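Here is what TrEMBL says about this protein:
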- ASP24, ASP113: Mg(2+) binding site (BINDING)
- 24-138: domain 'PIN' (DOMAIN)
Amino acid sequence: MTGRQRASHREIANLPLDEAHLADTSAWSKARNSPEIAPQFDDSTRRGMVATCDLVALELLRGAQNSERFAKQSRLLGVLRQCEIGAAELQRARQVQAELAAAGHQRGVKPADLLIAAAAEAAGLPVLHYDHDFDLIAGVTGQHARWLARPGSLP
């Protein structure tokens, strides 16, 4: 697709969500930067279909341009369903990392993604993402991971 040929959000996005998902930082970032997807992502968020966890919040808030934006984003994230990352999720992330290592994939998956996937799994939620790491993780855990949009369809 060239710069002049823009696909509609229906052609590229896996939105709107019909069940709650823990949205990875990659999903937030791509949704915010895509005029075709942002309205559907925002609608899913308003309807309570988007959850977060402390690690995603930390990553998102790191990008706040100033203290006012930080406070506003923090408030917005604070009203979403929160998935915990505690000792059990840390242990699960290490277990999945060991299983990935046995398959030769331990170096390809970021530790943050392992923790986010573990939090989603513990909460019984699929992960909404735009990151191949979650396909590798799902191959080990069997958990559901959903691409925000077709891989490679978003800049």
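Even glycines carry a Cβ here, placed using N, Cα and C.
Across the binding-site residues listed here (ASP24, ASP113), the residue whose Cβ sits among the most other Cβ atoms within 10 Å is ASP24. Look at the domain 'PIN' (24-138): DSSP puts its residues at 73 helix, 10 strand, 32 coil.
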